[in-house]
Amino acid sequence: MRFSLISAVGVLLPLQCSARWLGIPTVPFEVSNATGSFCLKNLKAIVVDTKYQNAVNTEGETLIPPTLRSFASTFSEDLASTLSLKVPVVIGGAAEKNTIFLTIGNSSAYLDAAGRPTSEGYSIDVTSQGIVLTGASPLGAWWATRTILQQGVLDDGMQLSLGSASDAPGWGIRGTFLDAGRHYYPTEFLIEMCSYLSFFKQNTFHVHLSDSPSLNPNLTMEEKLDFYSAFRPNSPDPAVAGLNHRPNESYYQEDFELLQQKCASRGVTIIPEIEAPGHALVINQWKPELALSTDFTLLNISYPETIPTMETIWSTFIPWFHSKTVHLGADEYTAAVSEYNDYVNTMHEYIGTKFNKNVRIWGTFPPNDYANETNVNTNVTVQHWEFFEANPYWDFIKNGYSVLNSDDQFYVVGKWSGSYPQKLNVTRIFHGSPDGGPTAPYIFDRTNATNNPPKDSPYVLGQLPALWNDFGPNSTCVIEAYWALRYGLPGLGDKQWGGDLFMDEYYDILEPLIAAIPGQNLDRKIPSKSSTILSYDFSSSHGNTILDKSGNGYNGKIIGDCSVKDSILTLKPGCSVSTPLTSKGRNYTLSFSVNPTTSTPSTLFSGSASTLRTGNGTPSQVLFITGGSPYVLNYTLPLQTWTDVKIVSINNATYFVISPSGSNRTETVNEFTATIGDYSNSFVWGNPMSIEAPIASIGGDTFEGMIKDVVLVDGADEKYAGYVAPLVIGVAPYT
């Protein structure tokens, strides 16, 4: 197992002698005495052991575990998309030449950090004849396939050294947390995030489903009832009618089913969280009588209808959830400790007895030995996040609680925070232990080792970093959540597993691996033969087809009564040009010339994640809409005049660059920014926005005018990075 290895062993790539394979996570690997290698290009089939083709892993958190045969099918698809290898799946009783044989072995051969058998372990044997992947369960075999994919990516010839690997995770819970209560994320985005996690052998996606930004207690009751909050699950059940008041930013049962099935197909379990009795504004807006008189965001647990209401909510939605554990939230409750403990224990009993599920809470109140006071049941698992709430080792582990590490050393807040970073700290991942070594799930305190349990403590469940949207839905767009985690989460995955990757190694292999992850395109890249992705000069067309001059063949199609003449596209209400593309991720330049003929607010460009408009409603200022929020410029396009425009995305900012068409005048640079608020009256102005290029459609709805020279380029001139607006922090009234 990994924990007996010395971290300073060789770190060379697969064909060279090494005691490990370099990957994320690293894999212990012993080169055989026989020289040579096996080339993945020689694969003829994936053979699934007949005896275990329908086996499933019953030891994990999911209640919908895929079969070994199902995992093999997904692996086959991944070989095609990642390595361009077409390898069919067949059923057989033994390994054959030039195949990968998937089978199941004895789980007792694979131990975690506490010395317990784990169903996620696996072995790999590479011979000149082929490869055998043996999992402690189908999930273990799945993690073995991730190793094969990574090694194929990291060797140009797809050559694997002859030898063997035996690997197992040190901890059972590995992945991340995302606050979807304060910011809505489409189901498709969450599914892509599961693909990202899975590639690095992370098995848990904790999704926070209800919350609100901090509420100013001085607001009127009318303002409190109108304040932003969300309960994302949406059911037609009359028992919860009115609880969800954002139907367009919801997860209906079919959405959540699709999410869980897709994630489970890649070994990732969704852990749902419904937050109460704290952070319960959305529940109190639904039923104000449940609120504590001194804080409208807290439930009054002693009110007779409070716990029955929460039981109704859980009984409505818990049949949706295919995990063995659900999360009660139970964070930052500032009222009576005894009532809080009674609430948690009552819900634990109710959910456990009626639905046979385990419950988890955020570490809020440590146990005590006060007379006549009941502590939270030790069967409730605790997710530690902050030492000012409780000490995870001395307060919880020492008292028999199992603890999941979400310490705020890896607490991230989208866009801005007065105290927390906006992305994972990679240096802390690789040097975050008290002795300067790498972090690990058992390291809660990076400066004081006495607050950390032993590495082999059976009470440490694992580790999840947390990405919170403390300042609400307009602080970030959807894809910025990915960028907050992109550079650090894989490295943390190495440490969550128990790997020994060094930081310089990490940076050497990170980008090639990210580019190869199957089942996602979170970078929102577009294949292109050159830096010019799309070019419509409208100089020629065939019927309704607009020819793409980039060489990529991304031809457009005229829809409706548009016309092209003299290299100019004339748009009328209801007509547009559709493209085969959807959106382009950060670092791009979308240029065009536009001549609006009316002041009617309308759409210029639209895509899967954003829309560029000449106004919205009555105002005529240019704006982007993304994630349901508008980002408005103090600029209006002039009528009956050609204006050259460049939408420039560079790093984490997006600009609207204008100049009169054909002139040599200096460009005017406008930045799309977000204004975010804290406690409803303290604001931060000038936050940059990283907005995807909307490139699915040109024109549409009511736009009238002319457009020419539409060009999308991968990359942006570095000079625009210097235009980022300064942050301004101040106070303004609630609106």
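Note: Cβ is positioned from N, Cα and C throughout, glycine not excepted.
These features come from TrEMBL:
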- Glu332: active site, proton donor (ACT_SITE)
- 68-150: domain 'Beta-hexosaminidase bacterial type N-terminal' (DOMAIN)
- 174-414: domain 'Glycoside hydrolase family 20 catalytic' (DOMAIN)
- 1-19: signal peptide (SIGNAL)
Checklist entry - For the residue listed as 'active site, proton donor', what residues in its own chain, 6 or more apart in sequence, show a Cβ-Cβ distance under 8 Å? => result Gly278, His279, Trp362, Thr364, Glu389
Checklist entry - Which state, by DSSP, holds Glu332 (active site, proton donor): helix, strand or coil? => result coil
Checklist entry - Tally of helix, strand and coil residues over the domain 'Beta-hexosaminidase bacterial type N-terminal' (68-150) according to DSSP? => result 32 helix, 22 strand, 29 coil
